[in-house]
């Protein structure tokens with residue numbers, strides 16, 4: 001069974017249209033981009049204490065461990081750039097090659113230096129949807145996302161559900177209690193809620209579904225003294241998404257995944273004019289590769305923009321200026337609370353991917369709520385931009401969408417496996 005087929009409530013498209021677009025046009029380009037030096041390294045603080053309850057960390061479990069780059073593997077010049085220039089990056093070479101790069105500022109033209117100085121001046125704290133002290137903390141470390149993939153770690157049960165219950169319940173958008181693991185009541189329509197708040201719930205549900213698809217697709221199938229075998233666990237997938245085993249909730253969860261995909265795809269299309277500006281640099285200190293990577297990124301965003309049946313976000317964020325400002329602030333504060341909850345995840349690898357995907361979705365909301373600022377971007381590169389993204393936001397945005405895009409692709413794999421089982 002496909003689990004979910006046909007048209008979606010939220011756009012004039014259907015599931016099959018999204019599958020074809022993602023799997024054939026967008027997914028291959030996105031995966032290539034995420035393997036690049038610029039996008040594979042993410043700076044994160046995995047040692048922040050949980051602000052809500054006593055943390056029972058599973059850091060001792062080997063499948064939960066995260067392998068960071070050691071301090072001497074990332075050159076000082078790179079780290080200095082990442083702190084001071086909003087659109088420069090650490091020279092994201094693989095860790096073992098990083099020391100060869102040396103100081104990178106010397107290769108900058110004066111025009112580029114000026115544009116980077118402009119980026120470093122701004123403070124858009126009021127626009128951010130996530131708590132961002134990870135970038136500044138002395139406890140933050142660079143993590144190679146390719147060496148620390150999102151997959152099954154054994155982190156489940158009451159501790160994991162405390163996280164999800166907090167996300168669903170402790171934010172005012174969710175009036176229902178989420179029941180125990182495999183059969184939570186996640187109604188498609190939440191009575192008494194305006195469409196914006198229902199949308200917020202569906203975004204979180206879609207993220208939850210995506211994470212569960214990854215855990216089912218990269219499940220630890222065999223663990224013995226000479227090898228670990230990771231692969232698709234069809235029964236785990238069915239427990240979470242099969243209509244009969246979930247009392248009809250599984251297909252709703254998958255629809256929420258597609259809803260999240262459309263929202264994030266829309267944000268990528270919206271951000272294109274920001275990243276097309278000459279002052280925008282993907283900066284690693286390797287000018288030829290950096291220029292090529294920017295072209296790759298622009299090409300990807302143009303593919304995203306070419307999707308013929310984009311979600312209309314104005315249906316979510318409609319209203320007069322005061323109402324829109326209030327709604328944006330509600331979303332922002334609620335999402336910042338979710339980003340704090342991620343510091344309570346007991347498994348470090350789950351915490352890494354939870355923080356990254358939360359920041360990515362927060363960046364999506366920041367983009368969609370900033371249409372006027374994006375439209376008002378000055379044509380001159382000497383003028384201060386009306387809208388900006390930090391490197392951390394851009395890396396999390398693309399990697400978070402990479403997770404959702406991979407989930408859509410994995411659904412095709414599970415459909416094939418399920419057809420073989422039957």
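Each Cβ is built from the backbone N, Cα and C atoms, and glycine gets one as well.
All annotation found in TrEMBL is predicted automatically rather than curated by experts.
If you look up TrEMBL, you'll see 347 marked as active site, nucleophile. Taken from TrEMBL, the feature active site applies to 350. The feature FAD binding site is assigned by TrEMBL to 151, 153, 164, 205, 208, 240. Among the features that TrEMBL reports, disulfide bond is placed at 59-64, 347-350.
Here the features listed in TrEMBL are placed on the structure.
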residue: 64; record: disulfide bond; Cβ within 10 Å: 20
residue: 151; record: FAD binding site; Cβ within 10 Å: 17
residue: 153; record: FAD binding site; Cβ within 10 Å: 21
residue: 164; record: FAD binding site; Cβ within 10 Å: 17
residue: 205; record: FAD binding site; Cβ within 10 Å: 27
residue: 208; record: FAD binding site; Cβ within 10 Å: 21
residue: 240; record: FAD binding site; Cβ within 10 Å: 21
residue: 347; record: active site, nucleophile; Cβ within 10 Å: 23
residue: 350; record: active site; Cβ within 10 Å: 26
Nearest of the recorded positions (64, 153, 164, 208, 240) to residue 347 (active site, nucleophile) - Cα to Cα: 64
Pairwise CA distance, residue 205 (FAD binding site) versus the residue listed as 'active site', rounded so that it is a whole Å: 17
Cα within 10 Å of residue 350 (active site) - qualifying recorded positions among 64, 151, 153, 208: 64, 151, 153
Residue 64 (disulfide bond) versus residue 164 (FAD binding site) - Cα distance in angstrom: 18
Cα-Cα distance linking residue 64 (disulfide bond) and residue 208 (FAD binding site), given in Å to the nearest integer: 19
Whole-number Å value for how far residue 240 (FAD binding site) lies from residue 64 (disulfide bond) (Cα to Cα): 22
